[in-house]
Structures are given as structure tokens and as C-alpha cells.
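Notes follow once the structure below has been shown.
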Amino acid sequence: MKVAVLAGDGIGKEVTAEALRVLQAVVPKSAALEIAHAPIGGAGVEAAGDPLPSATLELARKSDAILFGAAGEPGDEKIPFDMRPGASLLRLRKALGLFANFRPAFLFPELADASSLKREIVDGLDIVILRELTGDLYFGEPRGVTNEGGERVGINTMRYSESEVRRIGHAAFRAARMRNRKVCSVDKANVLETMQLWRDVMTEVGTEYPDVELTHTFVDAAAMMLMRNPRQFDVIVTGNVFGDILSDAAAMLTGSIGMLPSASLGSGRLGLYEPVHGTAPDIAGKNIANPLAAILSVEMMLRLSFDMQEAAARIRRAVSAVLAEGYRTADIYEPGTKRVGTREMGDAMLAALR
């Protein structure tokens, strides 16, 4: 049971430290857990002159699962793409063939009042946004900034192949079969040829799953529907860019982006697990960050990569217990609850697991 820990930058180091404490508390000794650390992002540049050092990539390839913290630094956008600390995660996913990003958006009942929306809208929220990771504007070629007629022109290419869409489509329908058997494919097929291909292929894939309801929605309408009636969704499947945006929007339905985990999966057992939040450099090193998203990423790791269902269930129950006892980090704090720091939230989790 080999786990590579890529803590990265900013609060990544703090939240992964607490997640590791929880992982070690729930995994039986008979599982022979092996943990190895490697730098990535700004830490990778500092250690090896590359946001994704070759040694880090080699470690990731030899591991059964990866626990990722966060990567990126202020001013990233001024650096060539491949050397940006924040781009290291995109490069890692691509190199490992991880094409499906599962981002669950679920609401713990204890946090219903922390959501930006009314309790009656978000109560019982439990949806999954499935984002394709290897295509779209983030990887399409050509890309860059050129000079045409004496002025700068920025170019990015939205590109999807039929096989890429078909692959993520099957993943979405399989996920829906284990949930409420509904898939909503989100695109912009009314103005983008790439998205018309997306819709056509999704429709074809859907015919292979007659027991799953398939609907199609334009991305702007989907964003509105997420705010108005999010519980109508079960599994949302969409492209790289739309999925990136919608999943962060959905995160706020749950009260805080600091509560949500994610999993990036390929065709094998190897998975990369990470909190949805970023590096948050303004609070890094201050014992403020919420570690629960990283801890719940470990829960996803145990379920999806190691099939350790009871260990995963223990973590979910412990999170519920800690919230029920009133422990809150700054991002989910409300009057009448107990405000704690990153480390103290980890302590509370370990106490709940005993």
C-alpha cells in the first residue's frame, strides 16, 4: 500500500499533515502502509528547478495512490506555462493518464446554515461533478501569445477527440449506476463545434445505459440551476474548463471550499486525491486552514484505490462527529461553535476515531 505525498505549496503542507495523521490512524498495520514524500509546484522549483521534478513523477508512477496538497504561487501567470508551479498538477495528471476528476459536493447537516443558500435549497445536497481532465482549452494546441499586425494575440484551442468524450462518458454513466441513475451532460453545443461533438458522443454513449436518465444542459443554464435547485442533479459530466468552474461554484453550496475532496482517476487503480481548495498563501503557516477536505480526500482514496470501505466509513463518521461537537475552523465558524486551528481540528478527528 504505497502512498506518495506531494504536499506542494501554501496550506498544502499543513492540511496534508493532518490528513496523514488520520490515514495512519485508520489503516491497519497488516496493510503495510508505505508513505513517501516528494516536492511539487513551487517546492519542486526550489528543490530541482522544475515544478514537476522527474523524481517526483517517478515516485508517483510507482505508487498505488497520491495524496496531493496544493500547488501554485502568486505571479504564476507571468511564468511560461510549463514552469508555472500551479501548472504542475495539470502536467502530473496528464503524465499519469488520469482523465476523470470526481468532485463530490455534499452537505453535512451540521453545516447547512454555513451555505450561501437557504437551508431548504441545500439540505440533503449530494451531487458529483465529473470533469474531463486531458483535453479542452487547458491542453489544446496551438496555444500562446503571438504578434499579428503589430499587436499581441492570445490563442487557446478547445479540442476534444471522440475517444476522449466517450471515455469520460462511460465513467459518468458507471458512476450514476451506483447513485441515483441520472447524468446531466453540460456543454455549449449551441455555439461551439467541439461541444456539439461532445453532445453527440454523450448521446451515443447514453444508449448503452438504458437504465440511466441522460439530459443535456448548456453551461450557463447549469450554473443557474446549481444555484436555484442543486438537488435536481445527480452526476454532472462536463469538459475540463466548464468542470473546473462549476465544481468550484458547487463547493460553495456546501458552506466552504475547505470541505470538499476530489479524486483524479485513470483506467487503473492509481488515483490522485486532493482537496478542491488552492494554496491560500494569505493564511499559509498560520494554523488557520481547514484540513477536512484533505482528510476527506483520504476517505476517497481508501474507498476508490484500496477498497477499504470500513476505514473510509470511519473517517466520514468521524467528520460528522467532530462537526456535531461544534468544532469549526475559521472558514465554517459560526457564533456558538468552537473555533479551532488546523492542528486542533486534526486532534479532534483523531479523538473521534478512537
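Positions of Cβ are set from backbone N, Cα and C atoms, glycine also.
Listed in TrEMBL:
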DOMAIN    2-349  domain 'Isopropylmalate dehydrogenase-like'
BINDING   Arg93, Arg103, Arg131, Asp220  substrate binding site
SITE      Tyr138  site 'Important for catalysis'
SITE      Lys188  site 'Important for catalysis'
BINDING   Asp220, Asp244, Asp248  Mg(2+) binding site
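Of the recorded residues, Arg131 (substrate binding site) and Asp244 (Mg(2+) binding site) place their C-alpha atoms 7 Å from one another. If you check the recorded positions Tyr138, Lys188, Asp248 against Arg103 (substrate binding site), the ones with a Cα inside 10 Å of its Cα are Asp248. Across the residues annotated as binding substrate (Arg93, Arg103, Arg131, Asp220), the two Cα atoms farthest apart lie 27 Å from each other. Under the DSSP three-state reduction, Lys188 (site 'Important for catalysis') is assigned to coil, being neither helix nor strand. In the three-state DSSP scheme, Arg103 (substrate binding site) falls into the strand class.
Around the Cβ of Asp220 (substrate binding site), 12 further Cβ atoms fall within 10 Å across all displayed protein chains. Put simply, Tyr138 is the one of the recorded positions Arg93, Tyr138, Lys188, Asp220 whose Cα lies nearest to the Cα of Asp244 (Mg(2+) binding site). The two recorded residues, Lys188 (site 'Important for catalysis') and Arg93 (substrate binding site), have Cα atoms 25 Å apart. DSSP assigns Arg131 (substrate binding site) to a strand. A 10 Å cutoff on Cβ-Cβ distances gives Tyr138 (site 'Important for catalysis') a total of 19 other Cβ atoms nearby, all chains included.
Within 8 Å of the centroid of the Cβ atoms of Asp220, Asp244, Asp248, where the record puts Mg(2+), the same chain has further Cβ atoms from Val219, Ala223, Val241, Phe242, Gly243, Ile245, Leu246, Ser247, Ala249. If you draw a 10 Å sphere around the CB of Asp248 (Mg(2+) binding site), it holds 16 other CB atoms from the protein chains shown. Residue pair Tyr138 (site 'Important for catalysis') / Arg93 (substrate binding site) shows a Cα separation of 12 Å.
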